[in-house]
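Engineer: Pulled these from Swiss-Prot:
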type: DISULFID; residues: C66-C96; note: disulfide bond
type: DISULFID; residues: C68-C84; note: disulfide bond
type: DISULFID; residues: C74-C95; note: disulfide bond
type: SIGNAL; residues: 1-19; note: signal peptide
Amino acid sequence: MRTLTLLTALLLLALQVQTQSLEETADQVPAQDQPGAEAQDITISFAGDERSAREASKSLIGTASCTCRRAWICRWGERHSGKCIDQKGSTYRLCCRR
């Protein structure tokens, strides 16, 4: 039982280190790719039919905090809920925390 606990703790530590290194990599985006101080319009779209998109958007209202991320994965505690497209056509990952 102690061995299982130790292995689980090591696995969680390895996952946390990997997540932190991915976040650091995402934070090192060149300056020209960083959004400026000007306001930017973002379009949020959900894959699937209109009904599922409506249901997904209703489930996000008031219960989630969402962020458009450049990283390939969402951060700890977030889940991938769709995509964001800026005015230039760049696609980002919509990550929501409940």
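For all residues, glycine too, the Cβ spot is worked out from N, Cα and C.
Describe each of these features in terms of where it is and what it packs against.
Structural biologist: For C66 (disulfide bond), other Cβ atoms within 10 Å of its Cβ number 16.
Neighbour list (C95 (disulfide bond), Cβ cut-off 8 Å, at least 6 residues apart, same chain): C66, T67, C68, R69, C74, R75, E78, R79, H80, S81. DSSP assigns C95 (disulfide bond) to a strand.
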Engineer: In angstrom units, rounded to an integer, how far apart are the Cα atoms of C96 (disulfide bond) and C84 (disulfide bond)?
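Structural biologist: Counting only the Cα atoms, the answer is 12 Å.
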